[in-house]
Structures are given as structure tokens and as C-alpha cells.
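Asks: The structure is given below, and queries will be raised subsequently.
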Amino acid sequence: MITSAHIDDIRTQVRAWRAKGETVAFVPTMGNLHQGHITLVKEAASKCDHVVASIFVNPMQFGQNEDLDAYPRTLAADSEALTAAGAELLFTPTPAVMYPKGLEQQTYVEVPGISNVLCGASRPGHFRGVATIVCKLFNIVQPDVALFGNKDYQQLLVIKTMVEDLSLPIEIIGVDTIREDSGLAMSSRNGYLTAAEKAAAPALKQAIDAMAAGIKQGESFEQMTEQAKACLVAAGFTPDYLEIRHAHTLEQAQNQDHALVILAAAYIGKARLIDNLRFDR
């Protein structure tokens, strides 16, 4: 696998593949990779002739009191895992490469509406940071296909909306959430959990599953939401949000809606965990 922190190197290699009529898939990450990321890379390899990955801990998407400095950097292990999964080109830029004028003087990409609810309400500016860095990476790599995990459901919809609104010729593919045996969604932030917290953490998925089951049986949104929140609190979580939304727009779900998604974020110990369930009724 070729690794470079320089934009020109990435563009040169991709152009060489393009000159031979070959296709390119892209998997952007922040590193500290787990099996969910590896699944994205393997899926990417099945879609295109070549796979490009990136590792960049993006300061623009972290808030003032968030874990930017504490976010684990594990480049050597990540590189080995990416190579084994089928990535051929790895882009590892520094903040100076991506934001040479600094964050305050950087042009931003902002997706209105969908960026301002749920995680966007809890983390103001987060999705502006996500949309900006992903747009920049798309312009550098210019892939045919880009893959993202369904665990970050709101992020996936933000990126799909950005690609559609800006007429970017890229297919965005969401890949099913990879879970531990307990049902806990794999996340780089699971490393913050103590043994006791990790044992309690599967309650997040269990609460979401119970909500969906009740809604399918005709129970009210409000009743199932309150029951699920109570279960989370009993398990040691502090809920940030737990909501039922329209699956395509993330607008508040209405009783007549069929395409639904339950989205949750909750704190346990030092970790803020997110999960979701997309379903029809």
C-alpha cells in the first residue's frame, strides 16, 4: 500500500488508474480502526478496481470540550489492517495540509436543516466540519464510489444530501453496522469504556430494539420513547437524545409515516455512544 500525506501524490496515483479506465472506491476514516472500518474497505474492494483510504482526525468536527486531543492515533496498526483488507493507497494529511489558512479562514460546506438536529443540535458545527472535510477529500480523491457506515446514520444522510446538492458524480453507499457479540455497535470510542460500562453498554441497542417492536405493534411513539429512556437510565446511561424520525428526511416522525428510524445518543462513563435502527411499519 502506498501512503502519502501529500495531495499531489494522491491525485497522481488516481490519475494513473483513471488513465487505464479503472474505477476507484474511497473510505475516509479518522483512524483507530476496528472491524467496522475493515468491513467498509473489503466492501469497497468488491465494488471497484482500487481502494483509497484516508486517516485524518479532523479538528473542524470536534467541539471545544470534545476529545480531539484524546482521540487515539494508531497509524502503524491501521496501515497494516488497511493493507490486509485491500486498500492500495492511504492518504494521511496533517491539519496544515487540509487547512493551510487555519480553521478560521477556511471555506466551509454546510448542509442546512438535516445538520442541525440530533447530533447537530448536541454538537453545534459538527456536521459543518464533516461536510467540509468530506467534500475536500472527495475533490482530492475523486472516487467513483465512497462507503460509510450506517451506524453514523445522520452523517450518511448529510453526505448523501451534500453530494446530491453539489452534483458530485459519486455513489454513496451505506454499509450495515458491525457489532460485537453483545450487540454493541463497534466504535473507536468503545475504548473509553471500563469493563463494567462495556457490560452495560448493549442496553442501548436493546432499548432501541424494544422501541421498534412496540411501535410495530401499535404503541405510541411517546410511550415507547419514555420506556426506552427509563431502561437506559437504569442501565447507567445519561441519554442525550432518543428520537423517532422519518428515515429519509430526519424530520419528526408522524403517525402516518412508514419509513422510520430510531436514533439515540447516550453517555456512559467518558463515552458518548450512538446507535440507530431503520425500519418500516
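Backbone N, Cα and C atoms are what each Cβ position is placed from, and that goes for glycine too.
Among the features that Swiss-Prot reports, active site, proton donor is placed at HIS37. Sequence annotations record features per position, and here Swiss-Prot assigns ATP binding site to 30-37, 149-152, ILE178, 186-189. As annotated by Swiss-Prot, beta-alanine binding site applies to GLN61, with the evidence given as sequence analysis. For GLN61, GLN155, the entry in Swiss-Prot reads (R)-pantoate binding site, with the evidence type sequence analysis.
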Asks: Round to the nearest Å and give the CA-to-CA distance linking GLN155 ((R)-pantoate binding site) with the residue listed as 'beta-alanine binding site'.
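Replies: The Cα atom of GLN155 ((R)-pantoate binding site) is 12 Å away from the Cα atom of the residue listed as 'beta-alanine binding site'.
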Asks: If one measures from the C-alpha of LEU33 (ATP binding site) to the C-alpha of GLN61 (beta-alanine binding site), what distance in angstrom results, rounded to a whole number?
Replies: 18
Asks: Does GLY36 (ATP binding site) have same-chain partners at least 6 apart in sequence with Cβ under 8 Å from its own Cβ, and which are they?
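Replies: GLY149, LYS151, THR177, ILE178, ALA185, MET186, SER187 - these are the non-local Cβ neighbours of GLY36 (ATP binding site), listed in sequence order.
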Asks: Using only C-alpha positions, which one of MET30, HIS37, ASN150 is spatially nearest GLN61 (beta-alanine binding site)? These are the recorded positions in the record.
Replies: MET30
Asks: Looking at Cβ-Cβ distances, which residues of the chain lie under 8 angstroms from the residue listed as 'active site, proton donor' while being 6 or more apart from it?
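Replies: Non-local contacts for the residue listed as 'active site, proton donor': VAL27, THR29, ALA81, GLY149.
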Asks: Identify which of the binding-site residues MET30, LEU33, ILE178 has its Cβ surrounded by the largest number of other Cβ atoms within 10 Å, counting every protein chain shown.
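Replies: Counting Cβ neighbours within 10 Å, the top one is LEU33.
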